[in-house]
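Database features (TrEMBL):
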TRANSMEM  12-35  transmembrane segment
TRANSMEM  47-65  transmembrane segment
TRANSMEM  90-111  transmembrane segment
TRANSMEM  131-151  transmembrane segment
TRANSMEM  180-201  transmembrane segment
TRANSMEM  222-241  transmembrane segment
TRANSMEM  261-281  transmembrane segment
């Protein structure tokens with residue numbers, strides 16, 4: 001991969017314009033969910049896990065996808081690779097790993113809503129006790145899904161050759177990974193929305209049966225949040241479809257030299273959407289934020 005020329009690119013400016021405020025908002029909401037008494041539900045613990053996964057995934061996309069597209073970023077990567085060889089190889093591997101991790105943690109959110117609807121008396125206590133185990137389990141399951149490329153041949157190796165950043169692609173392994181991820185994407189995009197829809201149907205039936213109580217409305221709100229999160233995962237699915245078609249049929253819908261840009265935007269559609277979905281659907285969160293902003297500290301002047 002030759003060193004990029006020229007100044008900062010338009011897409012990097014776009015990444016920074018929406019990325020920095022969103023990460024700041026994510027960190028603020030993470031802290032708020034930690035300490036405010038209004039967010040004691042186990043659902044918000046799983047939301048925090050999704051926040052952590054999203055921030056880690058976003059940071060990895062900067063190193064693996066975005067920095068190599070910029071002159072200064074390219075030089076930075078070369079410096080890192082000289083001191084820590086193999087860093088970029090692992091960063092490229094983590095792109096595929098986070099694809100599974102994000103989808104599995106999203107499915108966990110959907111599973112939470114489904115079990116909370118069916119077992120409303122004991123589900124919250126169960127999730128409060130075991131949500132960290134589900135987090136660890138999601139990581140282990142993602143690692144298991146990627147184990148053929150951990151313990152077998154790598155699909156990509158990155159080296160420095162004559163002062164340039166060189167990607168050595170293993171064609172057979174990359175084709176296998178692409179087709180494998182395409183099948184996984186089909187599974188994720190089937191199971192996640194179906195689980196979210198199922199939980200919404202059940203909560204709607206329950207509300208019609210027992211009435212629109214405060215508890216049922218609260219449960220419906222959380223289910224809507226989960227459903228919205230499941231829909232934005234189409235960003236990941238769209239990229240795997242494109243790569244699957246390109247690898248299997250040799251038809252590339254996106255020019256090869258813009259794939260990195262497309263992947264970055266598609267990843268951001270999934271990775272950075274959660275805080276805005278919460279603000280849109282969670283009236284409780286909006287009320288807490290409004291009260292926090294409305295409280296103006298008094299300035300005391302001592303003379």
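Glycine is no exception: its Cβ is also placed from the backbone N, Cα and C atoms.
Where the annotation comes from TrEMBL, it is an automatic prediction and has not been curated.
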* **Same-chain residues at least 6 beyond the ends of the transmembrane segment (261-281) whose Cβ lies under 8 Å from its Cβ atoms** => 11, 15, 18-19, 22-23, 25-26, 29, 47, 50-51, 54, 57-58, 61, 65-66, 69, 95, 102, 221, 224-225, 228-229, 232-233, 235-236, 238-239, 242, 254, 289
* **Positions on the same chain near the transmembrane segment (131-151), where near means CB under 8 A and six or more residues out** => 42, 45-46, 49, 93, 96-98, 100-101, 104-105, 108, 173, 176-177, 184
* **Within-chain partners of the transmembrane segment (47-65) [C-beta distance under 8 Å, separation at least 6 from its ends]** => 19, 23, 26-27, 29-30, 33-34, 77, 87-88, 91-92, 94-95, 98, 101-102, 105-106, 108-109, 131, 134-135, 138, 229, 260, 263-264, 267-268, 271-272, 274-275, 278
